[in-house]
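Below you'll find the structure, written out as structure tokens, and then a few comments.
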Amino acid sequence: MGIEKFETFILISTISILLCICHGFTPVDNYLINCGSPTNGTLMGRIFLSDKLSSKLLTSSKEILASVGGNSGSDIYHTARVFTEVSSYKFSVTRGRHWVRLYFNPFDYQNFKMGSAKFAVSSQSHVLLSDFTVTSSKVVKEYSLNVTTNDLVLTFTPSSGSFAFVNAIEVISIPDTLITGSPRFVGNPAQFPDMSMQGLETIHRVNMGGPLVASNNDTLTRTWVPDSEFLLEKNLAKSMSKFSTVNFVPGYATEDSAPRTVYGSCTEMNSADNPNSIFNVTWEFDVDPGFQYYFRFHFCDIVSLSLNQLYFNLYVDSMVAATDIDLSTLVDNTLAGAYSMDFVTQTPKGSNKVRVSIGPSTVHTDYPNAIVNGLEIMKMNNSKGQLSTGTFVPGSSSSSKSNLGLIVGSAIGSLLAVVFLGSCFVLYKKRKRGQDGHSKTWMPFSINGTSMGSKYSNGTTLTSITTNANYRIPFAAVKDATNNFDESRNIGVGGFGKVYKGELNDGTKVAVKRGNPKSQQGLAEFRTEIEMLSQFRHRHLVSLIGYCDENNEMILIYEYMENGTVKSHLYGSGLPSLTWKQRLEICIGAARGLHYLHTGDSKPVIHRDVKSANILLDENFMAKVADFGLSKTGPELDQTHVSTAVKGSFGYLDPEYFRRQQLTDKSDVYSFGVVLFEVLCARPVIDPTLPREMVNLAEWAMKWQKKGQLDQIIDQSLRGNIRPDSLRKFAETGEKCLADYGVDRPSMGDVLWNLEYALQLQEAVIDGEPEDNSTNMIGELPPQINNFSQGDTSVNVPGTAGRFEESSIDDLSGVSMSKVFSQLVKSEGR
């Protein structure tokens, strides 16, 4: 390829990327290939590069370029590349989620009748198409794949006696946060499928109550079709739109989730003629039988005039998905806040239809109505990695000759690719010299009155930061530690930005949190984190190694925590269940860290965002409290509280703080109480997909605790492994933490004492009973856990000289425990 052609290739690629930047999200990888064409093509304003310019990506033994005349439709459909043997495209990509879109238009070219072609398409880990034949005029297949290597290979395999073809290909990065978490399984509420590695095929993407949304009006180049063709009994529904009222609340749905055009329109019940009528609005969609499907519902209450006015139910295939949905409450008491809900369902055997319905709440009937704004239905790969039924097996081919041709072609193609990519790299470095490290900008700020934009000495390295009082680290050293922010080292995404695993020059592992300019967290949180963590050192607080603000970056470097968050070990990640002893020790460690924050200085420090995701575990599962971006210095000695705007995480937020905007250390105690029940029950603290009485974990757990039947809702993996007196003490501690008023809650010191005691009760040998007697375990108890034996409940506490009566502990729980605490708990922990 000549230099002039290569420069044209770079220019066109840059223009395509800039078009996406203008829309919002910036894809790292952005391949748009006009297959079989000697010239570039366009689709909805986006430029698809000529197949000639991108031919180095292709490994194929034969070159057959097909074309057809005509001016109808986009020119990318007028050419195609034909494969008579196994052929593949190899794309160099960053790891993470990508769109893969394949365009097909079956025209006739010489002896090739595209409508009769039969073939398979596969990636390294998924079969995308099998025994595929294009029967309609134009077909677009869209997939969402999580690429875990540095290359994505798309292989086209003709069926025996046939051929394969493709008109155009897209491979585009999408935000890793777009498909995350563990959606609830409709019909099996205890099941939470892990979506992180799922391959998905888009089956339907619908704009409810609104017009067609073309790809050039979507930040992620998606197309949304109107819902009219899927709607049953159209007279029961009506459409409305109100685009200006849509609110994108930080922490919830964004314009990358769905465009404003989708959230600003909806289909609702047509109940104006009879407001007392109760019925459902239903849509029906075609699906392939035998697969599980991922449903993403988009909601925005643009119909209500006030908060808490709209309550409705959601159904998938006649099964209840969610009841009494109150959108304004789900989005931080915001009217018209954009919100999405995810579900998974299994289609019935032999059924190729799925129905979705909305209907009014049967509890809140003042304003009977129901709405939905958008819906995405995606097919999930089966256990074999297949997204298509058929006989194709990856790695097979029609003949040994095809295999030999593929091997030889791959070898030659790989050699040429190395030369090509080497040339690209040299020219790219020349063009970009002097611009390395540039990022989107923030306004600089200062700490202690001095600018954070000063120059760094050339000798400063990450390994010397422990002796550098100001904790600053040069950007070059951060890049070196993370291999230039290699996406393969990305270990998570939080409210502040991405987190990378790094390694210092001495081999010490670190976690590098790089701020995202689009994040709802910014300068204030960055500064608070530095100020707080540079003051404190405690074995149960995550240590700050340093920070970097060079080139207007906002980067925080912490000690690396090998086992991640407590939340990830409770639900949604598929990790092994924690034992009861491990959970107690984790809670004790976190309580020690919070107790130190509250008492370790002349003025307490209130964390303000205590939750399971902010408690990290090292290689020995020792807990450390993390994420101090929202922390606040507590009140002076002569004050009872700090008046401040409400911040925190929904589900963990102290209701008294929320009502009065008065922050105290007891707000942390409330949040920690929620964590205690989360650790015990192993479920999300807020789950809107559950029945209304179960949505809020704190309320649900307290209901069962007051009935004396908390053991009925604990994590199933704990049954038969908890002593009833240990559970009782743990539950009573959590109950006291969740008192309505802060004055009625214990201090963190008292919480810590009680948790230590719960651990001792679990480990102690009950007098007169062998230690391995299973009748002491919760799994053997009747429902009323408070009715266990009321005999001698005193225990010998290992490592102490005296005996402690359980009743005496109960009597002391509401008062200061400082004297007793000092005898049982060492300041450095265990």
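Glycine is no exception: its Cβ is also placed from the backbone N, Cα and C atoms.
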N-linked glycosylation site according to Swiss-Prot, picked from Asn40, Asn458, Asn563: Asn40
Annotated N-linked glycosylation site residue, as Swiss-Prot has it, among Asn381, Asn773: Asn381
Annotated residue, N-linked glycosylation site, per Swiss-Prot; candidates Asn280, Asn448: Asn280
Listed as N-linked glycosylation site by Swiss-Prot, one of Asn217, Asn787: Asn217
Proximal but sequence-remote residues of the same chain as Val499 (ATP binding site) (Cβ under 8 Å, at least 6 apart): Asn490, Ile491, Gly492, Val493, Ala511, Val512, Lys513, Arg514
DSSP three-state assignment for Val493 (ATP binding site): strand
C-beta crowding around Ile491 (ATP binding site), within 10 angstroms: 14
